[in-house]
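A short worksheet on the structure shown next.
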Amino acid sequence: MRPFDLIRFKQSGRPITMLTAWDCLSAALVEAAGADVVLVGDSLGMVALGHATTLPVTLDQMLHHTLAVARGFTASHDQQPLLVCDLPFLSYQCGPDLAVAAAGKLLKESSAAAVKLEGADPEIVAVVDRLVRMGIPVMGHLGLTPQAVHRLGYRRQALDPVSQDRLIEQALTLEKTGCFALVLEHVPSELAARARHELGIPVIGIGAGDDCDGQVRVTADLLGLTPHQPPFSPPQLNGRQLCIEALRGWIQEHQSSSPTTAPPQAEPDC
């Protein structure tokens, strides 16, 4: 899978599916399930590393997990999902030079084929422009942007006409600058539908309604492995409880099969 395949899918009306992975086991699962795109998201900071937000995740951690995900794929290279890696907080916001170094490290040292970054302020647009000019495919991300949690929170975004027009303008700017796809998170469904019809690149939604070119979900949320799931990402099964019950069953079976009599006590030396 390559970035241009997603644009072809949009043109043909084929829905795009994108799931996250954070290690070789989760990668093997989402590949076997048939996901078009596998995102090594900085959400791994919360799913796998126990942080409260995505902000503490480092570039080295993203590289470490991307390498693990790549090792989890079993199909031939041309049959593998498109592997996209998040650029973590402050690896690209400080300017194009640092962004090229960070994105280049991820693509050179792992099997990632593209990077994803958040926002569309002028500074970010300049970063996208430089990355694209350097031959690095970029996926954009607007709406609820988790790296801006301290400024925007986890609230639904773009609720009024002015902010909606601004988001569409930002999306068009990202497309013009060279992004091959755009994630829209936690925005009104009518806004996502508008973006889908105004943009030539795929609009991939999460909490943005069904009228998108594709959908992305955090795999751990879909499997019900996390204690709490966002309202826009209901689990497909109660994986957490199933795992607990399986582990508890093994523990109880092991305990019940243990000898009921205590081993003889050793005689004291004196």
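Glycine is treated like the rest: Cβ placed from N, Cα and C.
Over in Swiss-Prot, the protein carries these features:
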ACT_SITE  GLU185  active site, proton acceptor
BINDING   ASP42, ASP86, GLU118  Mg(2+) binding site
BINDING   ASP42, SER43, ASP86, LYS116  3-methyl-2-oxobutanoate binding site
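What Swiss-Prot annotates, mapped onto the structure for a quick look.
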residue	record	DSSP (3 states)
ASP42	Mg(2+) binding site	coil
ASP86	Mg(2+) binding site	strand
LYS116	3-methyl-2-oxobutanoate binding site	strand
GLU185	active site, proton acceptor	strand
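Among the residues ASP42, SER43, ASP86, LYS116 said to bind 3-methyl-2-oxobutanoate, no two Cα atoms are farther apart than 12 Å.
Calculated from their C-alpha atoms, the gap between GLU185 (active site, proton acceptor) and LYS116 (3-methyl-2-oxobutanoate binding site) amounts to 13 Å. For GLU118 (Mg(2+) binding site), the same-chain residues 6+ apart in sequence whose C-beta sits under 8 angstroms from its C-beta are ILE124, GLY140, HIS141, LEU142, THR145, PRO146, GLN147, ALA148. Highlighted in sequence order, THR20, LEU39, VAL40, GLY41, LEU44, THR54, VAL57, MET62, CYS85, LEU87, PRO88, PRO146 have their Cβ within 8 Å of the centre of the Cβ atoms of ASP42, SER43, ASP86, LYS116, the residues recorded for 3-methyl-2-oxobutanoate, and are not part of that set. Long-range neighbours of ASP42 (Mg(2+) binding site) (same chain, six or more residues apart, CB within less than 8 Å of its CB): THR54, VAL57, MET62, ASP86, PRO88, PHE89, PRO146, GLN147. Taking all protein chains in view, 23 other C-beta atoms sit within 10 angstroms of the C-beta of GLU185 (active site, proton acceptor).
Residue environment of ASP86 (Mg(2+) binding site) contains 29 other Cβ atoms, counted within 10 Å of its Cβ in all protein chains.
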